[in-house]
Ligand SMILES: C[S@@+](CC[C@H](N)C(=O)[O-])C[C@H]1O[C@@H](n2cnc3c(N)ncnc32)[C@H](O)[C@@H]1O
């Protein structure tokens with residue numbers, strides 16, 4: 001790997017010549033592979049080493065073909081670089097996770113931090129997961145739907161649009177677009193794209209993003225800022241700059257020495273650095289600050305005068321879908337065009353506020369599409385953590401059938417009838433099929449289908465406990 005000269009000089013200055021050599025050696029090694037298990041759906045296989053700072057994080061001894069594992073399509077785990085799971089420590093150490101929170105993940109796609117946050121917050125908390133680039137917002141929505149939490153709104157807005165929601169969020173994660181030095185080992189293309197000029201542009205863009213979104217954070221609210229790069233301009237200098245502008249309180253996280261995380265400080269703000277020769281993970285930087293001012297309690301009572309944007313589903317429709325979820329009494333059923341969705345009832349007011357001001361691309365759990373007098377169950381329901389399987393006829397698939405289904409091929413199951421079938425693999429729901437006599441129509445979403453050809457011999461992965 002040919003590293004840019006100015007990058008090398010900076011890293012030598014940051015680390016010292018001796019440690020720089022260890023850093024360089026680590027950059028030549030194969031990157032570790034890690035996943036985060038969706039504990040609401042599955043358990044990790046015994047014997048996998050744990051990511052020390054993330055309860056559901058596991059290292060895999062080798063990289064399997066993830067595409068050929070139906071469990072990943074069922075949202076039972078997410079492939080995520082280990083260092084970036086450190087966000088968990090910010091939430092566990094600096095926030096009361098028992099209380100209802102309004103959380104924003106501003107730069108959300110493809111969804112690593114969003115699915116992680118969704119697992120950490122309580123059921124009556126709202127996560128707004130945003131991605132400004134529309135095509136990437138679709139991928140984010142897909143990953144959020146697969147995770148199946150039900151209390152997430154996926155939006156696609158520019159950071160400045162969040163100015164329309166002043167003092168709204170208790171916690172904000174800004175995992176900013178950056179120059180990507182920490183990805184040099186995983187992605188050689190990142191080295192090609194790197195330049196001092198780009199570092200400067202990234203640092204300026206990050207400052208703009210922080211300023212644009214700052215008003216949406218409540219007084220007393222928490223900002224988690226992170227990048228996957230090592231230069232100080234995009235990291236310590238940016239959070240010190242924010243502190244100078246806004247007078248924030250720096251939050252110091254407790255670190256275990258064996259984690260290998262390197263604490264830093266500039267302008268009174270603590271930061272945390274991840275280097276590949278010290279941790280089993282890629283390059284990462286994170287800082288946590290609290291906005292000045294008193295925290296105000298959230299009020300979720302419905303106000304009488306307000307004109308709501310969200311429309312409740314009709315009584316008839318509601319009655320038809322109600323028992324598709326495990327605890328229907330906790331949900332509000334909404335209808336948007338032909339689509340019926342469910343949102344935790346407690347979140348109605350906050351969700352409506354988001355709908356009033358932002359462009360929402362996915363919300364809660366998409367349950368069904370109204371087709372005349374009939375209802376067609378939707379993919380979001382199949383993957384929901386709240387799905388009531390007892391309401392449906394279920395068919396268990398073997399590995400080959402599951403992969404053919406996920407490729408959206410015609411499959412034959414030897415069943416007969418006219419009902420919707422919930423198809424699952426090792427007990428994990430994958431999606432819907434419709435029986436038409438002895439034939440089965442494949443309703444897997446076209447955009448999500450596996451495009452890869454299946455190999456002659458199919459590998460069984462052992463990422464999850466069987
Ligand atoms: C580091 S990635 C986010 C990764 C994500 N948080 C995760 O854990 O999977 C940064 C994201 O910021 C988005 N982005 C690019 N320019 C942006 C801008 N000007 N404002 C906000 N987000 C931007 C990118 O499209 C990208 O998805």
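Quick reminder: no glycine exception, Cβ is built from N, Cα and C everywhere.
TrEMBL: automatically predicted annotations, no manual curation.
Feature annotations, courtesy of TrEMBL:
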| type | residues | note |
| --- | --- | --- |
| ACT_SITE | 228 | active site, nucleophile |
| BINDING | 131, 158, 175 | S-adenosyl-L-methionine binding site |
| DOMAIN | 10-292 | domain 'SAM-dependent MTase RsmB/NOP-type' |
What Cα-Cα separation, expressed in whole Å, is found between residue 175 (S-adenosyl-L-methionine binding site) and residue 228 (active site, nucleophile)?
8
Number of Cβ atoms other than its own within 10 Å, given for residue 131 (S-adenosyl-L-methionine binding site):
25
Among the S-adenosyl-L-methionine-binding set 131, 158, 175, as the record gives it, the longest Cα-Cα distance in Å:
14
Quick one: Cα separation, residue 228 (active site, nucleophile) versus residue 131 (S-adenosyl-L-methionine binding site), in Å?
17
When you tally the Cβ atoms that lie within 10 Å of each candidate's Cβ, which of the binding-site residues (158, 175) has the highest tally?
175
Other than its own, how many Cβ atoms are within 10 Å of the Cβ belonging to residue 228 (active site, nucleophile)?
25
Can you give the mean pLDDT for the domain 'SAM-dependent MTase RsmB/NOP-type' (10-292), rounded to a whole number?
97
Secondary structure at residue 175 (S-adenosyl-L-methionine binding site), reduced by DSSP to three states:
strand
